Amino acid sequence: MYKNALKEDLIRVVENLDGTVESTDTIVKLKTKIENSSTFESDPDFVKTLIQNCIDERVSRNEKRGNFRKTKKIELAKLQLAKLEKEVELQTAKNKALSLNPAAKVEEKQFETNIENMIKSIKTLSLPVPTRSENFNLFFQSLERAFLTKKINDEYKSEILINLLGERAHNVLLYIKEEELNDYEKLKSIVLREFQLTPRECLNSLKNAVKSSGETYIQFAARLTANFQYYCSLRKVNSFESLCGLIISDKLFETLNKETATHIGIREAEDWFRPIDLTKECDIYISSKSGSHKEIPITYGYTQDPFKNRSQNFFKPKIKENYPQYHERENKNCFICGDSSHCARDCVTTRMCRGR
């Protein structure tokens, strides 16, 4: 009965039999509880079937987990295989070049040593590759500062960046063009496009930023400054006037309700509306919907009922006062028998006629 049953299976069986399970219960105690239960005494076959079902469910669940892990391993193996193929192609090209020029072999060894030394020194001077998307701008600032310190030539910057990214560069290498591989600025823009947030998400991240436990206030201020500068660069703000316009536009955007904000976000795309353009877009959108100009801000728009204070009689049609339907009849007598004590629908004479 208990063949292939584990402790977790027995715990589920006891719980299904309305029993209590304690943390100190052993397998022997669990079996005793099952065999002493009233259900087992009345219908042991049902309990045996229940135990087998619990075992089958656990086995099926473990198989699904194993298949999911196998799928992940296969995808990772495919990425590694693609990387190896690129490395083999590169090595084949190098070997062919060396066979044509044997004197270049010594120069290649020196070049590889110099590249390794440059990568180590740049890795020491720059920040580690971030795990959070909003910190990639700060990473590139420290990396470019290290390039200036070590006076790294432009032709080596792309290779150093790819080495620093490591496994995170796999997705980029799969669809990057060969001519872009040696261009640092293009490679940087592709990496930012792959990992960085949108301007609106960058602004929200800046507003919601908090100081981490292992971070000093100087580091926190530097991170905030870098993120704000990056947000301004995404918005292409390069003057005090445009900065004022951006702040006002962001504040106006916060006052919009969800529907209007979604419309404005689609219309903005990767750019942003100046205050006067934003207000025009909002007024055109609201007037096209024939709605009120009173907007519900995003901050508390979901907690207020827009129909709370609306009149309950706005669907009731207006009836003319002199409409004949609403005039009282002067003669209220039954038109069948002439009696004034009832109407025609309640007349006894009508019922008698129907009875015949």
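Glycine is no exception: its Cβ is also placed from the backbone N, Cα and C atoms.
Automatic prediction, not curation, is the source of TrEMBL annotations.
Given the ranges 67-101, 102-136, 312-346, the record in TrEMBL names 67-101 as coiled coil. Broken down by DSSP into helix, strand and coil, the domain 'CCHC-type' (334-347) contains 3 helix, 0 strand, 11 coil. This prediction places the mean pLDDT of the coiled coil (67-101) at 77.
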